[in-house]
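Marked as domain 'PurM-like N-terminal' by TrEMBL: B:28-138. The feature Mg(2+) 3 binding site is assigned by TrEMBL to B:30, B:75, B:211. What TrEMBL lists as Mg(2+) 4 binding site is B:30, B:44, B:75. Feature annotation from TrEMBL assigns Mg(2+) 1 binding site to B:45, B:46, B:123. Taken from TrEMBL, the feature Mg(2+) 2 binding site applies to B:46, B:75. Taken from TrEMBL, the feature substrate binding site applies to B:53, B:266, B:310. Here TrEMBL flags B:122, B:123, B:148, B:213 as ATP binding site. Residues or ranges marked as Mg(2+) 5 binding site in TrEMBL: B:214.
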């Protein structure tokens, strides 16, 4: 980095960043211009900070790029929108290898290119730690956005995506036991989100939806409180395959796999509610029911007494 | 800050953030939804980093909020677009007073509310220094975006906004002489941009436009190179009033006021080119001519040999 000026670094980054199918004016001017054929756009922002959200000794630039892209695109998908574009503000220390930054760009590219999402803008500054701030946009394709507050008594609760892998992978890294289950570690470093299922859920009439970033229980509670209903989730015993996939890690660390499934954060699955009897898009699995009652979440009819999920702040 | 959890801090911030006239779904869900009646939106991102772009001993939270908003909104305006919304990712150290963050929100509100620009999203994290990453959006109102590459031989070059004030104010702070010209110091801490003149310039047929963030000469060179023409600017002797306004500061610091006018950054004026004979929107002043030649910028027909402008990187 010390050897490179900003222009030289940008020249290494740009080839990895896809233009995107919705980009009308690409980066390079004062602003980009993106198509919003629906006459509206969904927009969300999330920031990753070194030593808060990732550690450079665990996460390479590619991993951080994938993760920053996924967590923002999942927020767009959770509105029922199709992601179209994102912008990245990047802060990098002077001793960061230029290759790390190029790998970050490759990570963004790997996530965005197959979706035809454009990386349409960016800013670059020096600073004491790596900070990656992303803003992502999506097109609602004529549908109403799926909010957190639309769940109704009698709806089914369904989830798409993995459960507990990111938390388990993080715990393995934390304890120096990545060797136990490299697939779980990869699930933490480079989460994958069923992004196409956000618009698919909206098309079949999802009444509420959320990106599961803070764990099933906690994010279900958010839908419950926003909707004024109770989400009654099945418990870990219903997730045999998920628990089995985490068993080796749980045993090695003396942890509870069911707790990871219920409260592990950063898997970026989609949790949605649907009117009863609706055929769900393939990939969603029913994990509970909505009923009237004190707004929030219960598991098998009772308050969940496991971990409260993750909170990176403070 | 140590005493406040994230929710308590957000509760102090939110009342200061305007919803905006274009906001269809406000913050609080996975994403916001913003109107884009034009079927397109302009988007730009910029990041401010403590001790790179501002110092907390000089800039209060309010100042930083104003500045972060202005520099992003000016980029939107420089496309000829009307700003509609922005999102903010914020990194704050644990010892930052909560009042500073509330003041930051007030700064964003002070800039955005009168323009009916919504602050439609945000993210908050801890970190070693303050980082403020903003993404701003605008509506093109049916017009083509005004790019940097459209200037043509024979066009006039015109500028709107202040010239050299921010650089002079910064120099006064740097030398501990803020007392010499508090108005210039304010021009650095809380720059103002003629945002409404961006769409106004587009309406009368501006052929190229740029937000002047790195100084008149440097940003004129960007239009020249993008357009394949030379922008021939008038020199400091043509800016009598600007030079006079900076004279006390220049004298006190042994600096050249003309150099500040020509190359001072972060004033966030708008530099545009227009076909000859076009009536310019009030607030623009002709500062040069476009002609064929080696693409770039000259001042009174010759290469500018003063400062090269600002570069925050590295």
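Quick reminder: no glycine exception, Cβ is built from N, Cα and C everywhere.
What you see is a predicted model, and the numbers here were worked out from it, not measured in a lab.
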### Query
What subset of the binding-site residues B:45, B:46, B:211, B:213, B:266 has a Cβ sitting under 8 Å from a Cβ of chain A?
B:45, B:46, B:211
### Task
Going by DSSP, give the three-state secondary structure for residue B:213 (ATP binding site).
coil
### Task
Provide the three-state secondary structure of residue B:44 (Mg(2+) 4 binding site) computed with DSSP.
strand
#### Entry: Residue among the binding-site residues B:46, B:123, B:211, B:214, B:266 whose Cβ has the most other Cβ atoms within 10 Å
B:211
### Task
Find the one among the binding-site residues B:30, B:75, B:148, B:211, B:213 whose C-alpha lies closest to that of residue B:46 (Mg(2+) 1 binding site).
B:75
### Pairwise Cα distance for residue B:45 (Mg(2+) 1 binding site)/residue B:75 (Mg(2+) 3 binding site) [Å, integer]
9
## Note on the structure
Looking only at the binding-site residues B:44, B:75, B:214, residue B:266 (substrate binding site) has its closest CA neighbour at B:214
### Task
Give the three-state DSSP assignment (helix, strand or coil) for residue B:266 (substrate binding site).
coil
### Query
Which of the binding-site residues B:53, B:122, B:148, B:213, B:214 has its Cα nearest to the Cα of residue B:75 (Mg(2+) 3 binding site)?
B:213
### Message
To the nearest Å, how far is the Cα of residue B:214 (Mg(2+) 5 binding site) from the Cα of residue B:53 (substrate binding site)?
### Response
13
